[in-house]
Amino acid sequence: MARSSRFTCSSAAAMAMVGAHGSSSSDDDEAGEEIESAPPLGVGEERAIGSSGIRKRLLRAGQGWATPVPPDEVTVHYVGSLPDGTRFASTRDGAGQPRTFNLGSGGVVAGLERGICTMKKGEKALFILPPLASGDKDVTSVPTGSELHFEVELLSWFTVLDIYRNGGIVKKILSAGGTRHTGDLDEVTVKYKIKLLDESIVEESTEEGSTFFVNEGHDCPALPKVLKTMKEGEKAVVMVQSQYAFGEQGRAAKAQFCAVPPNSAVNMDVELVSLKPVVDITGDMKVLKKTLRCGDGIRTPHDGETVRIRYTGCLEDGTVFEKLGFDEEPFEFTIDEEEVTVGLDSAVATMVKGELAKVTVNFEYGLGDTEVERQLITVPPCSTLIYEVELIDFTKEKESWEMSPHEKLEAAEKLKVAGNDLFKIGKFQRAGKKYSKALNYVNEDGHFEDGIEKSITNLRVFCWLNHAACCLKLKDFAQAISLCSKVLEIESCNVKALYRRAQAYVESYDLELAKRDVLKALELDPNNKDVKLLQVNLKKLQVESNKRDAKLYANMFDRTSKESDVVSKKRRVESASHSEETKNVEEDKAKEVVKEE
């Protein structure tokens, strides 16, 4: 459990840090660039920091490369003196206690914070500040116009993160975690203690920690928000203002925990003990993979590669319907060949060797809406499937860059044939993937020998055209247009490319562009029945389009005419009214004249 550490930063201080961190002058930006581009200071060397007149002399080198930034909490020793050696401030006098403050909160003399931001842990430096204005509130007993010298030792600092940049949730990291960040869907185990500012405990996890999914939320809304900024193993203390804690309503006492009064700020001690990453495989929350054990490396299986797994499949109530790969040999299947459910196939394709995962599959990516006989039971319709699967190993095909030109051509030819077979049985999406993969082997960036260059070009054209045909079936007309255009860039008289691009233009309702491609195709092949049929359909669509346009314009003119009539009538009424008013005014004036006489 993270050690208890009260976070004493007030709301006002937090807002001050936000202001300091959230804005900077152009001088600051230029100074940062100057320091960044300069070589590291050597011990005894001196350098100006930006254009503000501050100079730094390195007295002792620090550790590592990291430096603090606002609103980090730093602990320093410093001695402030005048050029003649007269001290006016020191943390080393008396008990010699170092000073701790947040950068950006105005905790030290103006300008010194900027110098501290250039220091590494353990570093000691002398900062020479230009003369301060008379009456500077941070420095007393210093003659006006005096140059100030500060000898500073940076003992340590804690990284502080203002999550919403408004002081509402401010996290101080006590112990950095590993490399894995928390995601919205992840399952986390967390040790936490939530306290009022008087240290009264209002919520606490069990000793082992509480386990829940981040997106499920928590009684204290701030906790999931904080967890999304943490890494596995990280420990932190967090200051939370009332609007992000329990709000205006507060919370009644529960179990052994005291009540939370309305509008109460809280402090939290948080330790992210562990996390199990959860990934939305299909992007619609219908296939979710939770990693139970990480594997080795980063390489995942590609389409067409054979994987060896062991898995147990069960229903939501725990009933096992299938268990494979646990006997003598692992279970084998080929990725993207429909040898297992789509959900399991898709999930395994994201795994690395040795990974163990729990995969939850909606019926749409599982066994569908009908009853299906499996290894151990008959699975009811519309069943959610839960797999616990381990990727033992998988075959690795040669990468394109590892192949010779002839090997690339051979691999692409095989994929083209596989794509053709899939197209014939209506598997257009999978066929398109085969053509796309084939094109990756023979892409235009590759260098090929003169002897096979023609074969490569013919193969590209074939795959572009057939992939375009798949896109038309899948109603991806923009991609179909793009693929046909690639063909026409190298074969401007390719009738198939003109025909398929015209089809895509028609479906996209770009009738003029479709007409242009149809006319050119008929010029090249006047007897092409498919193109002629498309031309007939195109003419019908153009007639319908012209009728709609005529009706639209007629309505527009009619409406404009009516609006003009209304405006004209309104003006006549206003003119008549104005004339009547003028007449009445003149009559009144005449009456007044008569009375005076």
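Numbering starts at 1 and runs along the chain as it is shown here.
Backbone N, Cα and C atoms are what each Cβ position is placed from, and that goes for glycine too.
As written in TrEMBL, here are the features:
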REGION    20-46  region 'Disordered'
COMPBIAS  26-36  compositional bias 'Acidic residues'
DOMAIN    71-158  domain 'PPIase FKBP-type'
DOMAIN    185-276  domain 'PPIase FKBP-type'
DOMAIN    304-395  domain 'PPIase FKBP-type'
REPEAT    495-528  repeat 'TPR'
REGION    568-597  region 'Disordered'
Under an 8 Å Cβ to Cβ limit, what residues of the same chain, 6 or more beyond the ends of the repeat 'TPR' (495-528), are close to it? 464-465, 468-469, 471-472, 475, 477-478, 480-481, 484-485, 487-488, 534-535, 537-538, 541-542, 545
Secondary structure tally of the repeat 'TPR' (495-528) (DSSP, helix then strand then coil): 27 helix, 0 strand, 7 coil
Secondary structure content of the domain 'PPIase FKBP-type' (71-158), with strand meaning DSSP E or B: 5 helix, 35 strand, 48 coil
